[in-house]
Amino acid sequence: MTSRSGGTQRGSRSSAARARSAHSLSATPTLRRSAAGSLPLSKDDAGGRVRVAVRLRPRNQEELVEDADFADCVELQPELKRLRLRKNNWDFDTYEFDEVLTEFASQRRVYEVVAKPVVESVLEGYNGTVMAYGQTGTGKTHTLGRLGEEDTSARGIMVRSMEDILASISPQTDSLSVSYLQLYMETIQDLLDPANDNIAIVEDPKTGDVSVPGATSVDIRDEHSFMELLRIGEAHRIAANTKLNTESSRSHAILMVHIRKSVVQTGAETSSSSQLGKSFKPLVRKGKLVVVDLAGSERMHKSGSEGHVLEETKSINLSLSALGKCINALAENSTHVPVRDSKLTRLLKDSFGGTARTSLVVTIGPSPRHRGETASTILFGQRAMKVENMLKIKEEFDYRGLSRKLEMQLDAVIAENERRQKSCNDELERISIEAQNRITEAERNYSHAFEREKLKYQMEYMDSVKKLEEKLMNCQSKHDHDVPAGKTCNGQMNGSEEAMELKRLLQNETRLRHETEDEANRLRSQLEQFMQSEDGGALEICNLRRMLEDEIDQKRKLEEEIAMLRSQLLQLTFNSDQMRRGSNGDGFSGLDSLMSQFRNSQINETGNGQKAPMTSLFEQVGLQKILSLLESEDASVRIHAVKVVANLAAEESNQQRIVEAGGLTSLLMLLRNFEDETIRRVAAGAIANLAMNEYNQELIMSEGGIGLLSMTAADADDAQTLRMVAGAIANLCGNDKLQKRLRSEGGIKALLGMVRCGHSEVLSQIARGIANFAKCESRASTQGRKTGRSFLIEDGALPWIVQNANNEVAPIRRHIELALCHLAQHEVNAKDMINGGALWELVRISRDCSREDIRSLAHRTLSGSPTFRSEMRRLRIDL
């Protein structure tokens, strides 16, 4: 396949010399400045086309040693955004990408040119995808998922994307949620809730959007909570040790970030009398960012995969192959795109040929030994660049926001009306009390004044009457004593004067009475004025009551409008749920049919022609008939039957049917009842195959399988039988849930007992089991599910581990080195390891191990342990 720049470019020996000269400049400061000065992958470039960047990993220690005499197979020209793949000493293939990142490119620069435009688009309401593709061990997880807890400059795209998103949203109005999944063996598992291990994919029949509603969704408020979430997810992610990578990811990790961002468009005021203020159009922009860390593609003869790891490799390569087929179909504008061939392609349906903005970073290595894998990765990126996406903004009317806004305004109006009503009632009560007090005071004053005046006038009247009576009595007495006539006339004159005086007094009394009446009338007028002011207060109360009634009527209308909006929203939600439930059945039945056809075709096309006859026998004879032959009295029939069952158990598609038909119980009975070495060897091999499945592992433990395996390990002398038994126990050691039972029922001691065989293959399986057990213990201790010393140390495995840490057989040495590193990660084991001589082996591993990742793990473990640091200072050991 030719490159976008015109295909393969050939040249003479002089051109080859120029190529070598250019290659020698790839590590110069000039080239690094050129790479740092290039522009990022702009979100506006080339519309919705998939943007592809290539990143070169520097040589590791193993490649520096083994490829020292060979030139790199890749030559980068970042200033031209071009890559040259060496075919031989004089011939190159040239390819162009949207961005070419050298081995010196920083994590920040990789984020800015690959992921930042996608993150900005997601914040504007688009879907976005950032994905890493490449061979195992080329730095995909380093590029995407590196946490950078010790060195912030080493942080990957996941952490940097969340930093930008948190800085761009408002916690009061926007929402941010995260789900973290892994696709393992065509099963979607929740990394935040390991018990949720079979999540369904749901596709909207109208819009075609793909979602996983069964996954755990966690609301994110700050960067710390997101980092903790990533640590939990990485602890649950499945990894294994291969020749290409010590911690090789055996699953596709998928981080989904859902953003709801509110956008308010303000308009003019609806009316001057409106109580709701300005009108607005609330909108919600929903963006989804998907970050996909694909498991690495690998060739089995290079990775050294075997047993369950081999099955994982097959599943990974099948899903990546399905993804490549979809991209080929999209690049060639094919009418049919086989997105339903794999759950990976279904999850990425929107990323390739959909509505999302997609950036792809392909990671490659420089080693000429892996030129074929590097070429395949580059061609994958070239085909992905031809895929066009139709970008579509995810924007909708925010009915809930509008309803919430109206409810808040309505509550504010009701509260204001209640406040005003209470204020009016308080004021009315105050005015009424004040008026009543003034009326009472006026009445009391008037009554007191009237009584005083009345008493005064009565006293004066009585005094006047008394004086007149006395004078009259005096006049009569003088008249009776014969007073002379002249004097009588004088007396009469004096009597007339007295009458005038009485008349004057009467007039004064009448005048005072009128004055009192005037005062009473004045007080009555004041009382009437007070009564009129009280009537004015009642009128104000009536006005306030009318205003309150108007507000209540307006509230009723708003409540009716809100109820109507809620009923419409409930109807829309109900219709959406009905359509979602209606689409589930067809989607899964179609996927199951395709997967069934795919498995059948794989079996029928097997090269050696061995599996097809076995499947034919399986269909023609029947599983129950085959299992019944296990109890035959004819030894040869029994041996052939157990071999058939073992071959069938090697296929994962048959394992469930074998277990459901009672095949596991029959195999365990063979171990218990028959002493024939061949039967025990083949039965143990079949149990080892079934033990690769987690569900079968729990059945084996529940039916006493570990005790039978331990008994077989103690009685058998044949190396192949012991290898099968050790393989089965090693598979069981990789299950976190079974560790306590495995140890209590003698599984660890059975492994250590098989050391007596001395066969390298048996010792390799023993070492693998110990490494699996140590890794599960390390994970359980990190998560707080286990405390105390390691069961391996308590059962006496440490001396054998230390003795074989430098074994000349590479698989044994690699597993033992990993087991030592996992045991040393917890401080409670440090003293026992120092006393057992493991410290010296850890120091040797940190210095001389051929695997860089194991070497760095040992160095990090020693540096992080206070006990190990103190002992090394005492012994004067420097790392």
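Any Cβ shown, glycine's included, is placed from N, Cα and C.
Range with TrEMBL annotation region 'Disordered', chosen from 1-42, 463-504, is 1-42. Residue counts for the repeat 'ARM' (662-705) under DSSP (helix as H, G, I; strand as E, B; rest coil) come to 35 helix, 0 strand, 9 coil. All protein chains included, GLY134 (ATP binding site) registers 27 other Cβ atoms within 10 Å of its own Cβ. Within the group of binding-site residues (THR136, THR138, THR141), the Cβ with the highest number of other Cβ atoms inside 10 Å belongs to THR138.
Model confidence over the domain 'Kinesin motor' (49-387) stands at 85, taken as the mean pLDDT rounded to a whole number.
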